[in-house]
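A.B. asks: My questions all concern the structure below.
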Number of protein chains: 2
Amino acid sequence: MKPVKIGLLGLGTVGTGVVRILEGHQEDLSSQVGSPIVIEKIAVKTLDKSRSIDVDPRKLTEDPWSVIRDPEIDVIVEVMGGVDQTKAYILEALERGKHIVTANKDLMALYGSEILAKAMEHQCDVFYEASVAGGIPIIRTLIEGFSSDRIMKIMGIVNGTTNYILSKMSQEGASYEDVLKEAQQLGYAESDPTSDVEGLDAARKMTILGTLGFRTNVELNDVHVRGISSVSREDILYAKRLGYEMKLLGIAERQDDEFSITVQPTMVKKTHPIAAVNGVYNAVYVHGEAVGETMFYGAGAGEMPTATSVVADLVAVVKNLKLGVNGLKAIVPYKPKKLKTDEQIAYKNFLLLHVDDKAGVLAQITQVFAEYEVSLESVVQSPNTNLDGAEIMIVTHNASKASMNKVLAHFESLDVIHRIKSVYRVEG
Amino acid sequence: MKPVKIGLLGLGTVGTGVVRILEGHQEDLSSQVGSPIVIEKIAVKTLDKSRSIDVDPRKLTEDPWSVIRDPEIDVIVEVMGGVDQTKAYILEALERGKHIVTANKDLMALYGSEILAKAMEHQCDVFYEASVAGGIPIIRTLIEGFSSDRIMKIMGIVNGTTNYILSKMSQEGASYEDVLKEAQQLGYAESDPTSDVEGLDAARKMTILGTLGFRTNVELNDVHVRGISSVSREDILYAKRLGYEMKLLGIAERQDDEFSITVQPTMVKKTHPIAAVNGVYNAVYVHGEAVGETMFYGAGAGEMPTATSVVADLVAVVKNLKLGVNGLKAIVPYKPKKLKTDEQIAYKNFLLLHVDDKAGVLAQITQVFAEYEVSLESVVQSPNTNLDGAEIMIVTHNASKASMNKVLAHFESLDVIHRIKSVYRVEG
């Protein structure tokens with residue numbers, strides 16, 4: 001049977017994995033799709049570089065356009081990363097009728113709707129399973145597995161670097177700075193870790209999951225983001241003492257047709273399944289109205305897990321090619337976008353306050369909560385031997401973000417409060 | 001647009017859920033598939049029964065054949081259960097060109113290959129996501145999400161009743177008999193619990209998962225089954241003491257092209273993600289050569305979770321109908337079946353022996369292991385105050401089933417061993 005010809009953009013970690021799987025599983029793949037899948041051309045940064053796999057040097061080019069414009073090529077597999085230039089490649093490839101498989105979360109989070117619209121126009125497939133949570137088939141699950149349900153909440157540990165750092169801090173009582181340094185040495189964190197530790201990477205992935213889960217066009221700007229760089233050893237210690245683990249969670253939730261999406265360090269009750277997800281692993285917890293609680297767990301990054309998702313998408317494209325139905329199953333967000341206001345967003349909060357150690361302080365503080373109608377689940381006061389004064393740990397019941405903002409602003413003006421040391425969302 | 005017409009066989013728990021979702025989510029579903037999905041006829045056992053939902057009585061019939069033979073109906077949704085009679089309905093429906101969505105694990109485990117062959121012949125879809133692990137989209141995941149990978153091991157908690165019983169025994173130190181009685185009162189266990197507690201239900205589900213995971217035609221007879229009725233309170237206590245949880249695991253694994261499938265109570269290391277799956281929840285752990293460790297968690301049964309999977313399958317059928325590609329994506333097992341021999345099946349074992357409390361006993365016992373080349377991970381001897389003699393707990397390294405059988409046979413003839421109290425597989 002006529003082979004299906006692939007153009008590969010990028011031969012870094014994931015690209016190498018894709019080549020390995022296509023070569024190693026050629027027989028299995030052909031049996032499934034009915035014809036061989038052949039890599040026709042590979043665009044690389046520099047031709048003369050030592051690589052961990054053997055590639056026919058005649059297939060390599062430094063010019064991505066020569067891959068995009070090759071009329072022999074049916075499918076473009078984009079694993080080079082980047083946004084603006086890469087978008088130009090993808091759009092032209094679609095105009096030329098080529099199908100796209102991409103692992104590029106940045107591209108899909110920023111320009112997903114434009115790219116999917118272009119794909120529909122040209123009846124092309126665009127699949128991007130590998131863009132979120134590496135080897136976990138969560139995109140497929142949201143599109144197909146839960147097509148019948150109404151998804152109410154998605155909570156994701158979708159960044160391996162920050163989960164590694166928080167897990168280590170929790171398990172070893174180590175400081176943020178020390179673990180970050182270690183993660184950089186192990187290659188789990190970039191030399192400039194900003195995108196990971198400040199939650200931007202997670203926010204991009206949550207944009208994609210939110211769009212699919214709520215079937216509305218979520219944009220990156222809709223996501224409220226807070227990273228983990230201010231999480232202290234002490235915060236994690238207090239969390240554990242109260243029965244929580246600290247996790248950087250992306251949380252997308254809706255009520256009726258309004259939704260909110262945040263990425264923030266969150267104290268998760270230890271009994272919640274996502275609290276036990278440690279190290280570089282990822283997990284996505286999905287609460288559907290009908291299906292209830294589900295969770296999907298696996299490697300979030302790495303050569304082979306990510307390549308597994310890329311090649312699974314490739315298999316889907318090739319099956320569609322055989323059936324002549326490419327570009328006909330795209331998910332078009334059809335719901336108007338309605339963001340929750342700060343009055344509508346509600347969750348539990350943890351606060352750690354450094355206060356005067358004298359009578360009446362607790363009364364003043366609880367009075368402020370009462371004034372803004374925030375009710376409390378627990379209050380624990382303890383002297384702090386390292387500080388003058390005392391410490392108060394508070395866990396609220398569900399409180400609106402608007403009310404909590406008022407409480408915190410009020411606290412700033414209270415003389416008995418030296419410092420608001422920490423504020424975290426609480427889940428589970 | 002022309003509505004798609006459904007015939008429903010069965011209006012029990014799952015059938016009721018299907019009606020609820022189709023009514024409650026009609027708008028969402030139409031937006032996805034481009035036309036309304038309408039229930040045309042429903043076959044029930046008795047017409048005059050009180051039901052928790054309102055159904056137009058003119059749609060009800062006591063004659064399934066009148067549903068199967070209705071030329072207006074495009075898709076049959078089978079949620080009535082049963083095997084032989086149900087198979088006859090399904091086969092005739094396929095001959096009449098109707099697509100099938102079924103939640104029937106017994107049917108698919110016993111006659112899946114015959115039904116799928118008939119479906120291919122008539123270019124019809126047969127989807128059965130709800131047949132395994134209720135609301136967890138594991139079948140889709142094995143077919144599509146991991147199409148690019150080579151699945152090496154599947155471990156499943158696929159029976160909620162037994163997981164509820166073992167979880168309760170572990171959490172409360174209760175006896176098997178007491179918890180079973182409680183589960184029956186709560187409706188988590190049938191009045192005749194044999195199929196659940198003896199592992200037969202799990203074995204049927206593992207037959208389906210093994211066929212999909214290994215792409216070979218696994219039959220129910222290929223599954224070695226042992227249930228939980230002999231698991232004692234003491235076994236679970238010992239398991240916990242060594243850092244394990246007792247779970248009824250279905251384990252399908254392969255090496256090269258040989259595979260084995262078992263269902264048996266297994267001691268799972270507490271650090272393994274599947275050890276934390278408690279109560280009626282289900283989970284399927286999949287180890288792929290490329291993707292590594294993944295796990296999928298959710299409700300394994302119940303009206304709404306199971307109905308979610310049924311209706312998701314229905315959406316897939318209707319999308320295929322619109323594209324005219326039904327029956328073209330069926331997975332045909334293409335690998336010849338090679339079962340592992342007892343020499344090739346290897347795993348760790350836990351043994352609890354009641355022995356004479358005198359010098360030299362341990363030496364005799366370890367000598368037997370050495371004779372059959374089984375090496376040991378740990379041996380703990382302790383006096384048992386309730387018995388004369390002592391108890392020895394042994395955990396082996398990986399040992400072939402053949403060798404272990406020889407060890408156990410030899411033990412039967414050793415005078416110093418009063419009784420082999422327990423033998424369990426160990427994982428993680």
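A Cβ is built for glycine as well, from the same backbone N, Cα and C atoms used for every other residue.
Keep in mind that this is a model prediction, so the values were computed, not measured.
Copying in the features that TrEMBL gives for the protein in this structure:
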- A:LYS205: active site, proton donor (ACT_SITE)
- A:LEU9, A:GLY10, A:LEU11, A:GLY12, A:THR13, A:VAL14, A:GLY15, A:THR16: NADP(+) binding site (BINDING)
- A:LYS105: NADPH binding site (BINDING)
- A:GLU190: L-homoserine binding site (BINDING)
- A:350-428: domain 'ACT' (DOMAIN)
A.B. asks: Of the residues in the domain 'ACT' (A:350-428), how many are helix, strand and coil by DSSP?
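C.D. replies: So the counts come to 23 helix, 34 strand, 22 coil.
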A.B. asks: Can you see whether DSSP assigns A:LEU9 (NADP(+) binding site) to helix, strand or coil?
C.D. replies: strand
A.B. asks: Once the DSSP letters are reduced so that anything not helix or strand counts as coil, what is A:VAL14 (NADP(+) binding site)?
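C.D. replies: In three-state terms, A:VAL14 (NADP(+) binding site) counts as helix.
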A.B. asks: Only counting partners 6 or more residues apart, tell me which same-chain residues put their Cβ under 8 Å from the Cβ of A:GLY10 (NADP(+) binding site).
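C.D. replies: Within the chain, A:GLY10 (NADP(+) binding site) has Cβ neighbours under 8 Å at A:ALA43, A:VAL44, A:GLU78, A:VAL79, A:MET80, A:GLY81.
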A.B. asks: Any idea which of the binding-site residues A:GLY12, A:GLY15 has the thinnest Cβ neighbourhood at 10 Å?
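C.D. replies: Taking A:GLY12, A:GLY15 as the binding-site residues, the minimal 10 Å Cβ count falls on A:GLY12.
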A.B. asks: Sorry to bug you, but what's the C-alpha spacing from A:LYS105 (NADPH binding site) to A:LYS205 (active site, proton donor), rounded to the closest Å?
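C.D. replies: With distance taken Cα to Cα, A:LYS105 (NADPH binding site) is 6 Å from A:LYS205 (active site, proton donor).
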A.B. asks: From the Cα of A:VAL14 (NADP(+) binding site) across to the Cα of A:LYS105 (NADPH binding site), what is the distance in angstrom?
C.D. replies: 13
A.B. asks: Around the recorded NADP(+) site, report the further residues of that chain (criterion: Cβ within 8 Å of the mean position of the Cβ atoms of A:LEU9, A:GLY10, A:LEU11, A:GLY12, A:THR13, A:VAL14, A:GLY15, A:THR16; site residues excluded), sequence-ordered.
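C.D. replies: So the additional residues around the site are A:LEU8, A:GLY17, A:VAL18, A:VAL79, A:MET80.
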A.B. asks: Give the three-state DSSP assignment (helix, strand or coil) for A:GLU190 (L-homoserine binding site).
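C.D. replies: For A:GLU190 (L-homoserine binding site) - judged by DSSP and reduced to three states - the answer is coil.
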A.B. asks: To the nearest whole angstrom, state the Cα distance for the pair A:GLY12 (NADP(+) binding site) and A:GLU190 (L-homoserine binding site).
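C.D. replies: A:GLU190 (L-homoserine binding site) has its Cα 15 Å from the Cα of A:GLY12 (NADP(+) binding site).
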A.B. asks: Using a Cβ-Cβ cut-off under 8 angstroms and a sequence gap of six or more, which residues of the chain neighbour A:LEU9 (NADP(+) binding site)?
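C.D. replies: Listed in sequence order, they are A:ILE42, A:ALA43, A:PRO64, A:VAL67, A:ILE76, A:VAL77, A:GLU78, A:VAL79, A:MET80, A:THR86, A:TYR89.
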